[in-house]
Amino acid sequence: MLSAAHDILSHQRAPRNQSHVDPDPTLTPHNSSSRFDCNSVSTAAVLLADILPTLIIKFLAPLGLHLLPYSPRVLTSGICAAGSFILVAFSHSVGTSLCGVVLASISSGLGEVTFLSLTAFYPRAVISWWSSGTGGAGLLGALSYLGLTQAGLSPQHTLLSMLGIPALLLASYFLLLTSPGLQDPGGEEEADTAARQPLINSAAAESKPGSSSHLSLQERWTVFKGLLWYIVPLVLVYFAEYFINQGLFELLFFRNTFLSHAQQYRWYQMLYQAGVFASRSSLRCCRIHHTWALALLQCVNLAFLLADVWLNFLPSIYLVFLIILYEGLLGGAAYVNTFHNIALETRDEHREFAMATACISDTLGISLSGLLALPLHDFLCHLS
């Protein structure tokens, strides 16, 4: 949905099987008084529709979502994903399209908090596999949308072609995923875990994961305070990168290239997702305990690209391509290392709750970035 954000807001329907985005790089700006080729509404509007329902779900999840079995949650997530593709594909207004994006957000938020909580019942190594899978999903989504629209398929037909993905999600969960059983969550990580100071110091007796539903409010508050060391940096990382993605991408527009504005936006999204996928899959090669460093570097990235939007000093789009790839590497590394560190440093009886709580971080950062990107877009696009 974020890869299609520019197309959703342009809202031009072309006949037959042609892309509704003109491949010709000669553009007609929406705001002729601005040096930017702006949509009337920022792509941050799509970001907010895509993230606010997720934020609500993640805030409520630690309070009572554990009372609902996993299977109905996964089924709801799959149905909402399919509904989002259909609603956006057949929409004839931006408002209806944003409703479809909201459905995608419900699917994403419910799915993420469900599967991250479910990792508490499996060996700790699944955190790496989960992170790699989510990174691959982002890359596959951005690359498939870019490739199919570049090949001439309309955005409507491109979205409808994705309907097989929710079906694969449901099939993989109900038919392929093995029961966790009575597995030892330590495995190869046990020596590393033993060498670490536990993130949450508690006198509670050791128990198998699954007992987090019996945690008292006081225990949950204690766990949450211990998680702040990782939650705050991840919030900053995601704030900076999504401020770039949905606030600056459409303003980083180069007129002297063979790519149209919409095509440039799609390439930015694809390269970002490529960086995320690479770094989310790198846990076995590189582990980072001090995720604050990644937050600092991502904020430097934001400041640099914001300066370029204002001063227009980068001479080539290929330099922006490299910076965006680097941005994705930082974001993916922050995500996988945050959850890996939490998995190592929380007790087994706290881990399910800790995972569900920590996944608020990225969503909170993204929501804040969307709220600030909207007025920035309006301000810059009204500059003469």
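Even glycines carry a Cβ here, placed using N, Cα and C.
Remember, it's a predicted structure, so these values are computed and weren't measured experimentally.
Taken from TrEMBL, the feature region 'Disordered' applies to 9-35. The feature transmembrane segment is assigned by TrEMBL to 41-61, 73-91, 98-121, 127-146, 158-176, 227-244, 292-311, 317-337.
Outside the transmembrane segment (227-244), and at least 6 residues removed from its termini, the chain residues within Cβ reach (under 8 Å) are 47, 199, 272, 291-292, 294-295, 298-299, 301-302, 305, 324, 327-328, 330-331, 334-335, 338, 341-342, 354, 357-358, 360-366, 368-370, 372-373. At the 8 Å Cβ cutoff, the transmembrane segment (292-311) and the transmembrane segment (158-176) share fewer than 3 close pairs (sequence separation 6 or more) and do not count as touching. Using the rule of three or more Cβ pairs under 8 Å, pairs at least 6 apart in sequence, the transmembrane segment (127-146) is not in contact with the transmembrane segment (73-91). Beyond the transmembrane segment (73-91), the same-chain residues lying 6 or more positions past its ends with a Cβ under 8 Å from any Cβ of the stretch are 1, 4, 8, 65, 97, 99-104, 106-108, 110-111, 114, 155-157, 159-160, 162-163, 165-167, 169-170, 173-174.
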